[in-house]
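Just below is one structure, and these are the notes that go with it.
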Amino acid sequence: MKTAICSLLICIFLLQLMVPVNTDGTLESIVEQKVKELLAHRDNCPSTVTKTLSCTSVKATGRLASCPPGMAVTGCACGYACGSWDIRDGTTCHCQCAVMDWATARCCQLS
């Protein structure tokens, strides 16, 4: 009987902890208010930095395709449906299949 009463009291206590409490200063309401304030004043803080992402594809015969200077590989494609490739030095695609007729590197530059 004592364990049943203790269990009941523990359950009631836990249920009280789960009941939502309305407070003006919850973290969610504070964050929401700050976001609204920032969005309302975003015209006062124009960005002075503009970046452009320019990309191109470089296709080569064989296993390797290299990007032009200043560009980095963001993806590779290989002939004969080869899906096994790696990027060497951040600028070259290397197709790893045994027989390979072409390789393509997707090269991008942030300027």
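Glycine residues also receive a Cβ, built from the backbone N, Cα and C atoms like all the rest.
Source: prediction; values computed, not measured.
Taking the Cβ of CYS108 (disulfide bond) as centre and 10 Å as the limit, one finds 14 other Cβ atoms among all the protein chains shown. According to Swiss-Prot, the feature disulfide bond maps to CYS55-CYS108 (among others).
Listed in sequence order, VAL58, VAL73, THR91, THR92, ALA105, CYS107 are the same-chain residues at least 6 apart in sequence whose CB falls under 8 Å from the CB of CYS67 (disulfide bond). The disulfide bond annotation in Swiss-Prot covers CYS67-CYS107 (among others) and is backed by similarity to another entry.
Secondary structure at CYS76 (disulfide bond), as computed by DSSP, is strand. There are 20 other CB atoms within 10 A of the CB of CYS76 (disulfide bond), with all protein chains counted. Look at Swiss-Prot and you will find CYS76-CYS93 (among others) tagged as disulfide bond, backed by similarity to another entry.
Look at Swiss-Prot and you will find CYS78-CYS95 (among others) tagged as disulfide bond, backed by similarity to another entry. In sequence order, ARG63, LEU64, CYS76, CYS78, GLY79, CYS82, SER84, TRP85, ALA103 are the residues of the chain that are 6 or more apart from CYS95 (disulfide bond) and have a CB within less than 8 Å of its CB. For the recorded site, CYS95 (disulfide bond), the DSSP three-state label reads strand.
CYS82 (disulfide bond) counts 19 other C-beta atoms within 10 Å of its own C-beta, drawing on all protein chains shown. Positions annotated as disulfide bond by Swiss-Prot: CYS82-CYS97 (among others).
Swiss-Prot lists 1-23 with the feature signal peptide.
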Among CYS55, CYS78, CYS93, CYS107 [disulfide-bonded residues], residue with fewest other Cβ within 10 Å: CYS55
Whole-number Å value for how far CYS55 (disulfide bond) lies from CYS93 (disulfide bond) (Cα to Cα): 15
Other C-beta atoms that fall within 10 angstroms of the C-beta of CYS97 (disulfide bond): 14
